[in-house]
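Annotated features, as they stand in TrEMBL:
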REGION    1-21  region 'Disordered'
DOMAIN    26-178  domain 'THAP4-like heme-binding'
MOTIF     34-40  motif 'GXWXGXG'
BINDING   T46, K138, H171  heme b binding site
Amino acid sequence: MSDPAPLHPYPDALRPDGTPAPHPLLTPVLGLLGTWTGSGRGGYPTLDDTFAYAQEITFSHDGRPFLHYASRAWLLDADGNPLRPSARESGWWRLQPEGRVEALITQPTGVAEIAVGRAADGAIDLATHEVALTSTAKQVDATRRRYTLTDADTLTFEHDLAAVGQPLQHHLSARFRRRGEG
Ligand code: HEM
C-alpha cells in the first residue's frame, strides 16, 4: 500500500548545480539561486524617520522556467537589534526568452503586484505592470526593483515606490551576502 503522506518527490533546488537541473530559461538568473541575508535602510516622504532593517531572501526552482521568491524583513533598532517583523512577500518570477521576466508578487498588506523586466549581466530590473489591492490595503501605484550581483556572493537591491499619493521614488536600499548551506 502506498504511503498516505509521502514526501514531495520534487523538492526545490537552491543551487544551479543541484538536482533538478535548472531549466535553460533560468540561465540569466542562476546567480540568484539560494538564500541571502543582509540589511538596508529605507524611508519615504510620508514617514517621520528613515529606518534600518534586516532581510532574508530565498530564490529556488523545481526544474521549470520560474523562480520561487520569498522575502522576510524585520526592523532594527539603533544598535542593530531586532525591533519587530516588517515586510514579507513571496511570488513567482517567470523567465521568458532573452531574459525577460514576468514576476507575480504578493504581500500580507493586501498588495499583489505584477512586474515585468529583464535579467541580464547580473542585474534584474523589474517595474510594475499592474497592482491589485484589497479593499483595506494602502494605495500602491507602482514599484521599481533593481537587483545587482556585484560578485557571486553579494547582491544589492534598490526599491522605488509610488504610493499614498507620492510619485515613484526611493523606499529601500539593501546589501546581501549569500548564506552558506548547512
Ligand atoms: C524589505 C522590505 C520593506 C521594508 C523593510 C519596509 C518598511 C516599511 C516601514 C518601516 C514603513 C513605515 C510603516 C511601518 O512602520 O510599518 C513602510 C511603509 C510603507 N511601505 Fe514599505 N517596506 C518594505 C517593502 C515595501 C514594498 C515592497 C512595498 C510596496 C509594494 C511597500 C510599501 C509601503 C507603503 C505603501 C507604506 C506606507 C507609507 C505611508 O502610509 O506613509 N513597502 N515600509
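One is the number of the first residue shown, and numbering goes on along the chain from there.
Note: Cβ is positioned from N, Cα and C throughout, glycine not excepted.
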Looking only at the domain 'THAP4-like heme-binding' (26-178), what is the mean pLDDT?
98
Count, for each of the binding-site residues K138, H171, the other C-beta atoms lying within 10 angstroms of its own C-beta, and report the residue with the smallest count.
K138
Cβ neighbours of T46 (heme b binding site) where a neighbour is any other Cβ within 10 Å:
10
So, in DSSP terms, is H171 (heme b binding site) helix, strand, or coil?
strand
Whole-number Å value of the largest CA-CA distance among T46, K138, H171, listed as heme b-binding:
15
Shell of the heme b site beyond T46, K138, H171, same chain only (C-beta within 8 angstroms of their C-beta centre):
Y44, L47, V140, L161, A163, V164, Q166
